[in-house]
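Student: The structure that follows is given in the form of structure tokens.
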């Protein structure tokens, strides 16, 4: 039986040829004698390098159970930044267990498994495997720990081979409700590759054969695997097979819909969950808040917020931050500020979310004030300072959004030379970002240089860059209404167009002049102006103006950058209707009020 010895206290580099599992324990020799020290001196020497809590426990002549507890604590702190120190601590505990004679016997399975689990949690599956190979007895927990170690380290083929070996061992170590989740989470990391699809289907069959398809733990893992593969139908099958009221399974199904970009389906699952009196977890609420923010459905988000308060769900930092971001994404910066102020568990992410929200809504002074508060609260550790320094020293790739704003300003001021230089940089940074090409084309169009504008469009085609169809949406009465360009699909489209024509006439009297440089160049000149009137954001506003009470705030979302003519029209809309208009495009928030926009006409 090989001697089960750990690595030395300081792990050797990967290139070292020395096998740390079979290294001799470190012994100190007295200058006056060549005899090895006594057992008491050996353990005291090893203890001196352990953290205080571990030294205190070892001083009391601990049992194997105490070593298991210490190894579990070391495993829980083995996150990437702390992994080297955690590995050193666990290796020393391993050495102490060997010295005290707790490992190597037939009754040492529990402690040996704890050591193996520790190495696996440190992403050292090969060290865990050597421990495994030296164990005289193994149980299902031992096998599961090693399989999980290889799966988490991204070595799924070795994890699958271990699973096959485990099945050959017999009924005393048959795969159980902990084996399959470890495997499923490991193979799900590779997304939807063909090999992943094959393995996932095979494991699902093994789950059914083992009679574990109704286990919530296994079912949730299957749903998550299919979500990672973006095969929603398979996820639904796994979800239906479980038929459980366990919130973990429902949470996995909601996440599956979100991962497959089926936000409405995620909300439907959430409401079905409520109808069955299943209490949502913090994670479920956080996910639903994010969905509401992404879709810009404020009223729905408010209802979910109210439900979370009534259900007395204990709130954590992640849930608070998701709620804050939801209100910000729906254009309610004041509500986001209220959530931030009421948060008892503010952390770095909370401040980052609030600072980002204030910046997007055009409140730079307030954003800087929150940054100062963040520093005053001591929430800027050295790691964040180093990260900021790294970002500032990055090449231009990290600053593409900023350059895009400058390119938009070049369009406003018709600065073609500067615009061309910036556009060329952006084409290198983001060769498939359509917005960069459109902004350059807009500069040429505003100068009437249609040939160059057409060349930009041709360049997009040559590089396989395509502009998404523009659409805007607005929430009214707990329903979301979507509009495309020249869209006449709404049941009251006749009234919408009539109201829009009236609004256009009114703002023209107030000083609005349509900017035909934003119209398509391949239509007749006398139709260019008319084509601007029926852009999707104008249609969304005309509908909202009809449906909402007079003078009320309208919140409108657009999937692309708002065009310059619509931006100008919105300023006049806010002036003549007395409404505040909050428009979210794919660049930022625009708050229109009394004829002005919070962006200062730069976006």
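Cβ atoms here come from the backbone N, Cα and C positions, even for glycine.
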Student: Could you tell me which of the ranges 1-51, 52-102 is annotated in TrEMBL as region 'Disordered'?
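Tutor: TrEMBL lists region 'Disordered' for residues 1-51.
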Student: Could you tell me the mean pLDDT over the repeat 'PPR' (246-280), as a whole number?
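Tutor: 92, rounded to a whole number.
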Student: What counts of helix, strand and coil residues does DSSP assign across the repeat 'PPR' (139-173)?
Tutor: 29 helix, 0 strand, 6 coil
Student: Near the repeat 'PPR' (139-173), which same-chain residues lie under 8 Å Cβ to Cβ, leaving out any that are not at least 6 residues past its ends?
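Tutor: Answer is 109, 112-113, 116-117, 119-121, 123-125, 128-129, 132, 179, 182-183, 185-187, 189-190, 199.
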Student: So, by DSSP, how many helix, strand and coil residues make up the domain 'DYW' (511-603)?
Tutor: 38 helix, 16 strand, 39 coil
Student: DSSP on the repeat 'PPR' (347-381): how many residues come out helix, how many strand, how many coil?
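Tutor: Breakdown, helix to coil: 26 helix, 0 strand, 9 coil.
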